[in-house]
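Trainee: What TrEMBL shows for this protein is this:
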ACT_SITE  A:545  active site, proton acceptor
BINDING   A:128, A:226, A:227, A:228, A:407, A:413, A:414, A:415, A:416  FAD binding site
BINDING   A:263, A:264, A:265, A:266, A:267, A:268, A:269, A:270, A:286, A:360  NAD(+) binding site
DISULFID  A:119-A:124  disulfide bond
DOMAIN    A:82-422  domain 'FAD/NAD(P)-binding'
REGION    A:560-586  region 'Disordered'
């Protein structure tokens, strides 16, 4: 595949007169010092040779995008260094860059910190390493479960905290390297520096205290993908030692015996899974009336049964942690003052060994210079965008050629959602209007067992049905992992899957799963939703037996769609050989 | 979870309505008035106990017939259980997360508000009934934390189970367990696991001094307090029965062994006071105290045993493997008592007659349906009671251990129901931990045999090939009722028992 592309590109280059231009003109090498003269002398065709040049020099796969190029040649009045500048190289920026290259755009990516962003360096990826190790410890220590499978572990299960932490760090750096290489291989320019918008098509970048790094580049389109940082409520001083955010917790410098986790969302939940497996005790502090707000109620109840009650966890709900006094490990406890969410009275105080603040994430948009393009972040710092991911100015008007994706726009703060938004934005730049259906974006918490969902919760579905006037058509179907042979073979029958759908149309409104490998199972549902497949369509899909995928199969098979009122359409003849067959007389 | 479709796993279980003919395990609860019970239903043919997932109603809520009241988790699925009666939910016996045997009352429903109090009282008078459930419930989820929380287990365990590796950089090693200090500000700071344990073990956290940083109460503090309250001297519940047997052996079996202490009554003047004659205080030396009601009951039972033609069979059993197994399972809460009871139960299953009893009129043999192993336990006031491990052969060792620790705890606060101490079909008395080599137990009325377990110690002996070796051995002495079994029957049982103890792995499965 890669070779074929190279050959194709090679032919293109060979036939092209532009390729005779000297190597030094490659923007990769002379980024900051490109002579303005070339640009003017080459005029309109400049972007085109630049692209070809880049391909030639990097010997990388990059498809010619004749279609779009022609379009731009006809319409562009100016010429720019790049077709697209992406600010931020997290999972969102990376996904967008890959897709942009595939669409034939010449792309630069600016990264001021770590390639890979939060997900790879301080989020999903290292936390999965911790969960993998601690999950194994949990399994090995669960003598009852092992015994039920006929296994005995002689002696104690031991682990080395530092080695687990090292595994997480190594995983992060290796994925980080992979990401960087994948972009370099495609001929994407990776520029180091924090970016600041200088105008509608222009970005300045640099690093504080470094004069050798930085410059200004121009682009036809600009994509803001700066992501987010942990949100820390006021009154909580982070010392990085006894009071910390997920950033520090993932380094796992020590294991507190008792840790309070402020916030019981999926970040808090995953960390509680890690900590309890490694022998720590956990206290949740949650401002909402119930733990795991945002989860489907029934799933949350099950999660409470599986992930909270049987473990060394207690909790305080309806309270804010209004004041936190850091302690000293082993010497002085951390003191957390709890204030009732309603009465605003201080109701209790905790004395724990450490405090993890997992109260969500705040957009990282400071210093971006949104005012240069006439836009401003909203109250919470998010960049306002429309459905096409185009940035809106203060009057809610589209700022042309500037897009914002990922955590920075706050629409759906998950790595894969950012990537999907980036792809959607690139489509829009290329003149193929696209709107990402956020309801079909799945999400998961990688606890043991996992929790995953896509679309509406049952509560939200009922509300939507009420509003949409199809309340009587809303149906819910459920199945237990206890009914799945594979789950029973694993002796992991604890789990539940449920699906909300319309009885009249068969449209899937939401699927929620808690149970073994739920995070992997959700994609049949999310893909069906994104491609608008109905329950009826899915009934004909075949699942390998016995697999956990049959949990979804069971949901689909147990759903009942009202027969259509109109006459059934003539059955399509699938096999051409059968075309000549006459229908049987009625 | 109301619309679960079960997929090729067992018979159709619908409807979930509680069958009226659910067997009642205890006849002591008879409902003649308008207060009705909700039973733990049998949701599948294999279900023996169910776990309460959640109560859909709270006490005081009106309930109509057919309405879902509670979600029960069986071995197969979670199901809603409907009420059979209209009324008001008076009280809940088995809380959420608790387990109850099939047929046990899990809540009471009052028909009218007037009967509400009665319904509430019922749950109370059921006395110990609520206790086993939460305790059992607590024990089940506790498995996970116990397994997961390395630093949590009892102080004894911490010595063997290494704590998580000392944190490197900023983390100093935890200060060595300081002497427990009560907080000066009067606040109770307890870790989540400590709170859970306290609830299970019914320990009042406010009464504890914490050994953690700044007077924090940890799980081990709770465990220590619970053991202290239970045993007085004993750290593990297993130590409790031991104390009891000292007295058992000392009192009635006084003639066979020199009394270890001098209880005033039975040994002071044997023969000088004719049985049944009124006691004249002036004839006695020293201090005389009347029997407590329990002592009186024991005395009566012991006298009854004199009407039984007893004989004894003694075996020396090698315990190396049993000791190893016990050591391995100890961190999981499995006690030697439970292992012995399980071994006895397993052997009894093969020797029906040893589990039988002579009828009170001495005219027949009653072969018992259940194998209920009673184990003698001493009471703080010097009394003796024999809590019963029901169906010891078919209950798994972990459940057995949990039941045992629950029984011991409740027996000390005299919360056992009659059924829990007088339904034994076989008795074990263990003086092993006191170093008794061998001793002789007296038959409990209504049973056919009692096993006296001596201490296990290294003994120079010869193996099968006649080579001299040192093995850990104990002597077990079975006392039997000769009316119902012969010496051969007793010996055969002891052979089986010996085989199990010497190859104890089967006890864990």
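Each Cβ is built from the backbone N, Cα and C atoms, and glycine gets one as well.
Are these features on the surface or tucked inside, and what are their neighbours?
Mentor: Close to residue A:545 (active site, proton acceptor) in the fold, though at least 6 residues off in sequence, lie A:485, each with a CB less than 8 Å from its CB.
Residue A:128 (FAD binding site) falls within a helical segment according to DSSP. Close to residue A:128 (FAD binding site) in the fold, though at least 6 residues off in sequence, lie A:171, A:446, each with a CB less than 8 Å from its CB.
The Cβ neighbour count for residue A:286 (NAD(+) binding site), using a 10 Å radius and every protein chain shown, is 24.
Listed in sequence order, A:90, A:91, A:125, A:415 are the same-chain residues six or more apart from residue A:119 (disulfide bond) with CB atoms under 8 A from its CB.
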Trainee: In sequence order, what residues of the same chain, 6+ apart, have a Cβ less than 8 Å from the Cβ of residue A:124 (disulfide bond)?
Mentor: A:415
Trainee: List the residues of the same chain that sit at least 6 positions away from residue A:267 (NAD(+) binding site) in sequence and have their Cβ under 8 Å from its Cβ, in sequence order, or write 'none'.
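Mentor: Listed in sequence order: A:246, A:358.
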Trainee: Please report the Cα separation of residue A:286 (NAD(+) binding site) and residue A:414 (FAD binding site) in Å, rounded to an integer.
Mentor: 21
Trainee: I'd like to know which of the binding-site residues A:407, A:414 has the most other Cβ atoms within 10 Å of its Cβ.
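Mentor: By the 10 Å Cβ neighbour count, A:407 comes out on top.
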Trainee: Give me the largest Cα to Cα distance among A:263, A:264, A:265, A:266, A:267, A:268, A:269, A:270, A:286, A:360, the residues the record lists as binding NAD(+), in Å as a whole number.
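Mentor: The span, Cα to Cα at its widest, is 15 Å.
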Trainee: Of the binding-site residues A:263, A:265, A:269, which sits closest to residue A:407 (FAD binding site) by Cα distance?
Mentor: A:265
Trainee: Taking the residues the record says bind FAD (A:128, A:226, A:227, A:228, A:407, A:413, A:414, A:415, A:416), how far apart in Å are the two Cα atoms that sit farthest from each other?
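Mentor: With A:128, A:226, A:227, A:228, A:407, A:413, A:414, A:415, A:416 as the binding residues for FAD, the largest Cα distance is 23 Å.
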Trainee: Can you give me the residues near the recorded NAD(+) site, meaning same chain, not A:263, A:264, A:265, A:266, A:267, A:268, A:269, A:270, A:286, A:360 themselves, Cβ no more than 8 Å from the center of the site's Cβ atoms?
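Mentor: Sorted by sequence, the hits are A:261, A:271, A:292, A:358.
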Trainee: DSSP three-state call for residue A:545 (active site, proton acceptor): helix, strand or coil?
Mentor: coil
